[in-house]
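First the structure, in the form of structure tokens, and then the observations on it.
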Amino acid sequence: MSIAITQAKHIFGLKPGVTGNICYHDEQTIVYPAGANCILYNIDQKSQKFIPCSDKSEGMTAIAVSPNRRYVAIAEKGEKPQITIYDLHSLRKRKVLSSPDVLSADYVSLAFSPDSKYLVAQSGKPDYTLLYWTWEKSKVMAVTKTSNPQGTQPVYQVTFNPQDNTQLCVTGHGIFKHFRYSEGNLKTFNFQKMEPQNYLCHAWVSEERLVIGTDSGRLLLFEAGELKNEFAISAPEKKSDEEGHTHSPQITAVVAYSKGFACACGPGMVHLYEKTDDKDFFKKSREILIPLDNNSADPAHAQRQTIVCLTVSPSEETLVASTDMSQLYYITLSSADLGKGDQAHFEVLAQSFHYGQVMGLDVCHRKALIATCSLDKSVRIWNYETCNLELYKEFAEEAYSIALHPSGLYILVGFSDKLRLMNLLIDDIRTFKEFTIRGCRECSFSNGGHIFAAVSSNVIQLFSTTTFEVTANLKGHNGKIKAVVWSADDSKIISCGMDGAVYEWDSFSGKRVGESVLKSCNYTGVAVTADGKTTFAVGSDRTLKEISDSQILREVETGEMTLSGVALSNSGRMLFAGTIKGTLWSLKFPLTIPGEWQEHQGHGSQIVKMKVTTDDQYLITVSEDASIILWKITDKEGRVGKRDKEVGWAEEILITKSDLEEKNSMMSELKTRVDELKMENEYQLRLKDMNYNEKIKELTEKFIQEMESLKTKNQVLKTEKDKEEAKHEEETAEIMEKHAKELTDLESANNQKLMLEYEKFQEQQAKYMKMQEDYERQLQEMEDSKQKALEELTEYYETKIQEMTSKLEQSNDEARQQNREYDETKKQIEEDADREILDIKNKYERSLRNEKEANTRLKGETGIMKKKFTSLQKDIDDHKEEIKKLQAESAKLNNMIRNLQKDIEGLNKEIHERDDTIQDKEKRIYDLKKKNQELEKFKFVLDYKIKELKKQIEPRENDIKNMKEQIQEMESELERFNKQNTQLELNITELRQKLKATDKEMHQERQKVRDVEAVVKRFKTDLHNCVGYIQDPKMLKESIKALYQKHVQEDITESASVDADIQKEYSRQREHLERSVASLRKKLTKDSEIHRADNVRIMQENVSLIKEINDLRKELKIARTQIHDLEAALGLHSKTNKGDTQALAAITAKGPTAIFEKELEENRKMVEMQKMEIKRLRTQMLEIELGSRPSSSTKLPPMHSIESTA
């Protein structure tokens, strides 16, 4: 007999109607309400943590997460509304806040201060009280009313200034107030000078500035209470009601972030606004839409959702939105910025949820699937192992019941018009058979799947799954049938209904084989054991009944709670029940009277259906609040239901022939495309191979040459290395000799110091002995005087105590007498009061009857008057709304016209400007073409010169390369020697420390020996003194006692303990020093690694700089060759290049001389610039080389000298 252990694993759903129902805990975790829990959902891991509501709660009304992301405040509805604050890391309750100042049953908005120390809470109707708490102390700092005195204008939101703990903002219908906390009061300031509007939401954009959204589609920007700007939101499609009136989009949510703010404008749309240079203006940067739902009969229905809450992640990477239809959407803001076009689309966060009451639930035998249907016209298939939505579809009619075939390939759904048998395809749900059963509220497949039962009004019809013929009609119920359950072997069907009957039917014959009728009870749930002998039923009579052989064996009373459903595990060891409140009961099984159970917070309203999975690992519950909860269940002994691993879950799926053919054709097309691409790639690869083979040949030849040069260098370096090693060994030998001499000198000096110290110690010890004797004499005298004083005080206080006891007895007697008198007077007063109460009661009861009669008469009259008044008021309001809408529309249209006219003017100006620029560019192109022709002529002549100079440069470059490689290798050798030196130095220091430690130990041991010898000497002298009293026994006894007290009790124990303590302290310090040495060694290795990394980084920077220098030198070389050629062409080098001058003279004779001169001037300027740049880079190189030259194995590219390039 045990109660099963139940733990919530996952909740599918989102609770609507909660203010701030989506918040971020950290970059991966979001906080939102579902059922009667607050959920922490990890987006990456897709896992959930739960914070349950309190027991007496009627549901959550508002949520707020603190700015430091550590705490969450949850406002709960009830007779006395309360706010509970939880730690988001430990999920523990920190504080529960409630106040007698609040008359309302709920809180509508919560907000934490910027430093997370204060909490502000706005209560609902009728009083709309604002409370300012220091929540850690549970203390209300200030209270004020925010609505009008009558309390008719609702308040929607309250927030803190993001930089100021004392400043608040409250918005509502016609309410926009700033409050400042000072001296225990909330005082209003920054009064507005404009007509009140219906302010739906607001957000702080900066310390002084607020953005407020209204129901008329206007965004208002306030600074220090003054209206600075107004943005009219223009929706692409305005809503129209049944009468054809158009409505402006309401701004239902605003959230601010560093770049600007986002606001929800109308159905399914969010606008992003960004800051501009003008601080009073924000520019609309992007529209974000909720995507179409292709799984719905009306795909555009998803875009008609109203976004009720927006939140931005801590790093401002993601924007998350929640809607009035209990859906969550997200978009990465970076993708929204980079996306093409003006519009972007949200994506579904996690999966889409039910938003209407869940009516049906079933579990599959062969797959880890759950099927649910809802009044939101959708059918959804969930995977309870991966916690994902596998498949869903929205239909045109409401779905009341659902059954999942054991194979997991078919579902049976009871719609409002027909019962439909459907195929679960790979990506769709398709009907293949319809049955004319309207509004089927219950249906279920048998465990074998060959028969299914469907409820038609008060009759249960059994159909064959293969022939679809009715095999039996089970008649007997007089009321609605609430549950139909099959036994494990499909031989029996158990049904219960609102008529108070629980019937047991034979599924083969269709006859009733058992019944239990209790007309006073409306049954809502039934469960049966595996053998089909025992049935458990729950209903409206607040009992759980155990029925066997048509007899009620046990009735377990459930107190004040009504149970709405019951479920039994397949193993028959665990029993569960669901309540109308939404809690889950895990009952002790087998049942006992009185019953025992554990209650678990789960759903926010009545549990409609409950099912246990075939492997007994999970319990699934669905509720009227549109949430689905997976519970992990184990019995008290820790036995968890296990599935046969060899069988596993079925993996087959259905797909139609046409879909398969389409996919096959697509695959064949793609295959041909892949083959074509392969051919192309192979051809390109062959070409590349050819090119690379040629390059490899060239490189191998170069490599062989380099190898030979390196070998010669290596031999030279080895000889140098041997010389350095010999030098190093000589130096170390000299150092070791020096250290040995120093050690001997230090030892002799320390020995002399020790001798002096020992002599001083003996003198001090003699003084200490004298002082101790004096102190003992004084102590004895003090003790005697203290004893006398104590005796005198005891005598004095004993006499006083006797006097006080006699007085106390007298006062006790007086008190007893007074108590007797008081009891008598009390009795007389009570009798008189009872008589008076009876008379007053009779009098007021008569007057109350008369008042009630008059009140009922007046209520009738006021009801008639109220109806008339409300009808007239509605007409007036409708007319006013129509007028307002028309005015707003006309204003918007005028604004649109003005804006469009401005755009047209601007575009015309742009066209004229662009025409002018095109003409200028055409002229420029013509001039450049002419220049190009002339330069081509020069190029032909200059190419020849370039080739000759290249031939001269190549051998010099090779020499530079070889020299640089030599330098690098020498540097690496030098580094290695440095490391060896440092290592040797460390070893020497370690040896020194060890030597010092051994010296200290030796000195301590010597000191101990001396101490022991001194003690022995003292003992001998004292013993010699004792022997002197050998003739006098009394004196001998006293002297031996003194000797014992002196040497045994004090000195020996103390010296032993002191020696032990010293030894421990010494060993502890030694261990500590060894540890510190080890840690320092680790630090040293780390620092050396960091230093090496820095060297590598600097080396890489140097490489990049040298590359830049080489590039610049190449450019300089080209420029110089050009200058040289040009000078030759001008006849400056007539001796060397006579043929070239003649050629250039012939070329230049054709072209104009002015252009030629300009080119020359430009080239000279370029040369001067290049020279300046080279000087600057040279100085930089010198600075780098003079600084810490990095040692690395990476090779630097060759540096080309200016002389060689010239």
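Just so it is clear, glycine is given a Cβ too, placed from its N, Cα and C backbone atoms.
According to TrEMBL, the coiled coil annotation covers 660-734 (among others).
What TrEMBL lists as coiled coil is 1063-1129 (among others).
If you look up TrEMBL, you'll see 813-826 marked as compositional bias 'Basic and acidic residues'.
Taken from TrEMBL, the feature region 'Disordered' covers 806-826 (among others).
Residues or ranges marked as region 'Disordered' in TrEMBL: 1186-1206 (among others).
On the 0 to 100 pLDDT scale, the repeat 'WD' (351-386) averages 92 in the predicted structure. Look at TrEMBL and you will find 351-386 (among others) tagged as repeat 'WD'.
Sequence-distant contacts of the repeat 'WD' (474-515) (same chain, six or more residues past either end, CB-CB distance under 8 Å): 441-444, 446-448, 450-451, 453, 455, 458-462, 521-528, 530-532, 535, 537, 539, 545, 547, 549-550, 570. Annotation source TrEMBL lists repeat 'WD' at 474-515 (among others).
Sequence annotations record features per position, and here TrEMBL assigns repeat 'WD' to 600-633 (among others). Sequence-distant contacts of the repeat 'WD' (600-633) (same chain, at least 6 residues past either end, Cβ-Cβ under 8 Å): 4-13, 15, 34-37, 52-53, 55, 59, 326, 353-365, 368, 370, 372, 374, 376, 382, 384, 387, 525, 564-571, 574, 576-586, 640-643.
Taken through DSSP, the repeat 'WD' (474-515) splits into 0 helix, 23 strand, 19 coil. Each residue of the compositional bias 'Basic and acidic residues' (813-826) gets a DSSP state, and the totals for helix, strand and coil are 14 helix, 0 strand, 0 coil.
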